[in-house]
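Participant: Take this structure first; my questions come after.
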Amino acid sequence: MPAPPCAVCHAARAALRRPRSGQALCGPCFCAAFEAEVLHTVLAGSLLPPGAVVAVGASGGKDSTVLAHVLRELAPRLGISLQLVAVDEGIGGYRDAALAAVRRQAARWELPLTVVAYADLFGGWTMDAVARSTAGSGRSRACCTFCGVLRRRALEEGARLVRATHIVTGHNADDMAETVLMNFLRGDTGRLARGGGLGSPGEGGALPRCRPLQLASQKEVVLYAHFRRLDYFSEECVYAPEAFRAHARDLLKSLEAARPSVVLDLVHSAEHLALAPTAQPPPPGACTRCGALASRSLCQACALLDGLDRGRPRLAIGKGRRGLDEGAPRARAQPPPAAVLPDF
Ligand code: SF4
């Protein structure tokens, strides 16, 4: 049976059906609709004001590649300029290839690229070193927890280096729904309180962050990359299979089979969630070691590195929650942990 005509231009044959609406579109009309929706997200949320210097967190993967491409298309209309900022976590056999993809993108799109490395920022620590240091301890499953804290900090440092006024990341709706689900499953009310909305306004001197793809489904991000013939790196990080996120992803897939709208429903829930005052995170202050934004005496990155340097990582999940050894619940009477989980 021949494909139906495109529902927008009626000239070409449809090449896809949009996963959510079922609308049959040709490739060019789909890409135009996708870009218009991202533009609407940015404008409706006042995410990137005219004149903004925007640091795009570039990993070489599909999400950040699509984000950078779409923002480059929209930049003249938004009146913004772009800088690619990539983070080298020091993951042998993975990050080098991903960074090569980022370098190709920067050259092809003629965008400035800055690479910041964990090893330079964090006293020689790389993710491989962190993994070695925690191997066999039961904490090795938490590599992404360490990495999330350090990467958030590294991206902030990279953005400041290029004098950016805003940071954007490529999280899509599926990523956000997984994060909401993980935070619920962990009972991490602090993260739930901060996780809603399209971004954070940059409290306590941190740069404002936003996620312009937050309402786009993962399937459509992949379709956009396909129709725009984008060059991206698609291999999974060697530490990803150990992450708790993988369980949330599996659960979400099961839920989606029963309720197709569950991804957007979860994102919507997080945006409109109201927490009791006692569940709100403490007001931010300054880290006593590096001066970065912190809700305790040390920021998340310094607390983590402090624990690593002493040979006992102290990162944990919210007050009274499980620590890095996810198989060993902590007693509720223990003192508050040094830091909380990152938002991914
Ligand atoms: Fe870091 Fe985990 Fe992502 Fe690998 S999968 S880059 S360890 S956050």
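Using the three backbone atoms N, Cα and C, a Cβ is placed for every residue, glycine included.
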Participant: Quick check: of Val87, Val130, Val149, which does TrEMBL put in the same ATP site as Gly57, Ala58, Ser59, Asp63, Gly170, Asp175?
Facilitator: Val87
Participant: When TrEMBL marks a stretch as region 'Disordered', which of 261-288, 317-344 is it?
Facilitator: 317-344
Participant: With ATP as the bound species and Gly57, Ala58, Ser59, Asp63, Val87, Gly170, Asp175 as its recorded binding residues, calculate the greatest Cα-Cα distance and give it in Å as a whole number.
Facilitator: 19
Participant: Would you mind splitting the domain 'Cytoplasmic tRNA 2-thiolation protein 1 C-terminal' (285-315) into helix, strand and coil residue counts from DSSP?
Facilitator: 10 helix, 4 strand, 17 coil
Participant: Average the per-residue pLDDT over the domain 'Cytoplasmic tRNA 2-thiolation protein 1 C-terminal' (285-315) and send me the rounded value.
Facilitator: 75
Participant: If you count, for each of the binding-site residues Ala58, Val87, the other Cβ atoms lying within 10 Å of its Cβ, which residue has the minimum?
Facilitator: Val87
Participant: Would you identify the secondary structure of Asp63 (ATP binding site) according to DSSP, in three states?
Facilitator: helix
